[in-house]
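Reviewing the structure listed below.
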Amino acid sequence: MLPYTLIQEADDRLRKRVRRTELIHSHHFSEKLGIPIYFKCENLQRTGAFKIRGALNFMTSQPREALAKGVITASAGNHAQGVAFSADLLGVPSTVFMPESTPPQKVFATRDYGAEVVLTGRNFDEAYAAAVQAQEERGALFVHPFDDPLVMAGQGTIGLEVLQELPDVANILVPIGGGGLIAGIATAIRETHPHVRIIGVETAAAPSAHYSLQKGKIVQVPVTVTLADGIAVKKPGVNTFPIIRDLVDEVVLVEEEEIALAIVALLERTKLLVEGAGAVPLAALLNRRVTDLSGKTVCVLSGGNIDVKTISVVVERGLVAAGRYLKLKVELDDLPGALARLATEIAEAKANISIITHDRRSKSLPIGKTEVLIELETRGFEHIQEVISHLQGVGYLVDVLK
């Protein structure tokens, strides 16, 4: 288990080095869910995620001579930036091994914090193996992303901050990847507030802790592509799993469309930009994955490092999940005014056209016909059915596109 004193010591070390992130009460989500909802905004942390807490606590706990040969880690995301920033802050050289498929913006961000970036391997596991080999050859310190007591203790300072600001908290929902974040937070909270309900949330695309708890031992699961790439971990840590098993009340799963909808909801209602991994606690609440909740409830928004190019895709998926986006294919007679008449009928159905594409050159079209692809803004699933029924009722052949 993780000693509570390690978290207290981490809090002392980090107090002036990391941001004490805001704990925000949300009136909108409190009314929607029927309980007081608060967000712990680690998306506003330095480097944009909680990972700096664990990385910096690990490094500042080492004797200076142990850091002389630098630090090494493997990561394709937030941990890379946390290690790079922490090393730069302490004047320590850092090397980060990243898979060759890592998006360029993450590579640039890590380099901007002063790290040497080595792109190697087809996936994280191959990059990790290369990092371990380099660490053994150089004698540098390896900073594990989650399965180290000092790293867990650093993440646990989030729990102390929540208790200091909201001592009567009743529930806390925490994302789970490798388990370092929830292990630290659970240890911090259970020490003085054993009655608090602690709930872990995973993506169904990487349910490693969920299935490990079901089996009663650590199991490795296949991981599929997910919006919550920051928690897409094949198995929990050797050190984190026993803490999750003993201190966490339950672990629930959320689906991809639910994550997308939560990202959009946070952006619209709180003006907070959160990455997929950070949105899973709210996704769990919005989709009633947790039952019988009462009292003040905290969602840990673990990070906000979402790829700019991904935002538009996520927003579109979130709008689809909320019934606020509809894409149609409609075949028209290739005659003057046909497109205008279609637009008029769409207006009659109270939908708003956002994008329209007119194609009369497709080989699949009969002579004298044209095809229109239309993207519409709608007001929910009931409105979508009204739009489709109206268009069909006036004679259009409508194909709903996914």
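Each Cβ is built from the backbone N, Cα and C atoms, and glycine gets one as well.
Here Swiss-Prot flags LYS51 as N6-(pyridoxal phosphate)lysine. Long-range Cβ proximity for LYS51 (N6-(pyridoxal phosphate)lysine), meaning a same-chain Cβ under 8 A and a gap of 6 or more residues, is found for ASN78, HIS79, GLN81, GLY82, VAL83, PRO145, GLY303. Taken residue by residue with DSSP, LYS51 (N6-(pyridoxal phosphate)lysine) is part of a helix.
Of all the Cβ atoms in the protein chains shown, 30 others lie within 10 Å of the Cβ of ASN78 (pyridoxal 5'-phosphate binding site). According to Swiss-Prot, the pyridoxal 5'-phosphate binding site annotation covers ASN78, GLY178, GLY179, GLY180, LEU181, SER302, on the basis of similarity to another entry.
Look at Swiss-Prot and you will find 327-402 tagged as domain 'ACT', backed by sequence analysis.
The average pLDDT computed over the domain 'ACT' (327-402) stands at 88. The Cβ neighbour count for GLY180 (pyridoxal 5'-phosphate binding site), using a 10 Å radius and every protein chain shown, is 32.
The maximal spread of the pyridoxal 5'-phosphate binding site, taken as the longest Cα to Cα distance among ASN78, GLY178, GLY179, GLY180, LEU181, SER302, is 15 Å.
Taking a C-beta cut-off of under 8 angstroms and a sequence separation of 6 or more, GLY179 (pyridoxal 5'-phosphate binding site) has the following same-chain neighbours: PHE146, ASP147, ALA209, PRO236, GLY237, THR240, PHE241, ILE243, ILE244.
The 10 Å shell around the Cβ of GLY178 (pyridoxal 5'-phosphate binding site) contains 25 further Cβ atoms across the protein chains shown.
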